[in-house]
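Have a look at the structure below, then the notes.
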Amino acid sequence: MVAVVRSLMVLLLAQVLLEGATGLIPEVGRRRYSESGKQSPQQSEGFLNEFELRLLNMFGLKRRPTPSKQAVVPQYMVDLYRMHSANGDHSAKRPKSMGRHAERAASKANTIRSFHHEESMEALARLKGKTTQQFYFNLTSIPKEELITSAELRIYRDQVMGAASTNNSSTNSSTSDKAHAGGFHRINIYEIFGVPQGREPLARLLDTRLVQDSLTRWESFDVSSAVFQWTSGKGHNHGFMIEVLHPEEGEVEQERADKHSRHVRVSRSLHQDRDSWPQARPLLVTYGHDGRGDSVLHTREKRQAALRKQRRKHQHKASCKRHALYVDFSDVGWNEWIVAPPGYHAFYCQGECPFPLADHLNSTNHAIVQTLVNSVNSNIPRACCVPTDLSPISLLYLDEYEKVILKNYQDMVVEGCGCR
């Protein structure tokens, strides 16, 4: 029975999303279809596979993702999704993990992707007074038609042990410790554009930040120019170089230098961080637009207000109107790769378009003429009850490469119905 339910859910979802003929669905809410007239198991399996492929293609996927249990969804991506979900709610606060940059970037993008670096590429020689690391992010999964509008490199840094704010420093601390308390050091981000044999990489500075030792937080660096060059084919992706300049001048103790090196989480510590490292790894976030529809943070207040107005109208029971339809991703096994939401209210349109068409049926002039002709010639069909207003939803999911994506998909929710 479970297989039948899943099959019917796929058929229902396919009809809603692909055919656009939601008025043909004779069910309300989560009411299940009857099993009458169903195809043979072999036919149904092939039919469902074809529909699933079409749906995955609509999502920009070549095959159904099967992420491993070790796949990590960065908290930052979850925060971005929640910020989208609260869009239009003026009382909702922006999460602390993100700045204004993310909000501005998301307002211009309909696709947000996150990438972790390839750890085997990260080591570079340590130089006196600074720590240097190389990072390579594989961006080949970004489609060619997606234009990158912005990109940020996010680095997590811990408070340096003993570097609490000056106000909290012990009165018995040494002079050097007091000088160090609440100190600063600099993080530089470079684009590597050449790697000569046996020499230091050739690089250009992208962004820099003077950071305080006494704070634990994420730092965001603008790397848009480099990522745009790489994804547009105008430059070769050799990765980034991160340089941490320690505040001590001249001779420094190795222990003190190592402490500052660990302050910025640019590499995994041996035999440590097994649990914390996945959520503290450097993260590259790209913001792009494929030319289809609204941005992730596009407001829906106007449509929702129009919908509330439509609900208040008194409509005849059998006339064309919107009905409840909830799509549960767990029913079709898609909750394995769709992180959020667990499902959504798709709705559908059903009802009569009788002559004469009433004003609340949201009809076009053509539908009025067609219904008028039908009243004298039954060979001409009546106008049909169809969606007249559709809105997007955002999905947070893992693709076939286990990359975490937040994307806005158009025309997924019926907001209004009418006779057309």
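Each Cβ is built from the backbone N, Cα and C atoms, and glycine gets one as well.
Copied from Swiss-Prot, the annotated features are:
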SIGNAL    1-23  signal peptide
CARBOHYD  ASN138  N-linked glycosylation site
CARBOHYD  ASN167  N-linked glycosylation site
CARBOHYD  ASN168  N-linked glycosylation site
CARBOHYD  ASN172  N-linked glycosylation site
DISULFID  CYS320-CYS385  disulfide bond
DISULFID  CYS349-CYS417  disulfide bond
DISULFID  CYS353-CYS419  disulfide bond
CARBOHYD  ASN362  N-linked glycosylation site
Neighbours of CYS417 (disulfide bond) among recorded positions ASN138, CYS353, ASN362 (C-alpha cutoff 10 angstroms), in sequence order, are ASN362
What same-chain residues, at least 6 away in sequence, bring their CB to under 8 Å of the CB of ASN362 (N-linked glycosylation site)?
THR388, GLY416, CYS417, GLY418, CYS419
For CYS353 (disulfide bond) and CYS320 (disulfide bond), the CA-to-CA distance in whole Å is 6
Rounded Cα-Cα span from CYS385 (disulfide bond) to ASN138 (N-linked glycosylation site), Å
47
Can you grab the distance from CYS385 (disulfide bond) over to CYS349 (disulfide bond)? Cα atoms, rounded to a whole Å.
6
How many Å lie between the Cα of CYS320 (disulfide bond) and the Cα of CYS349 (disulfide bond)?
7
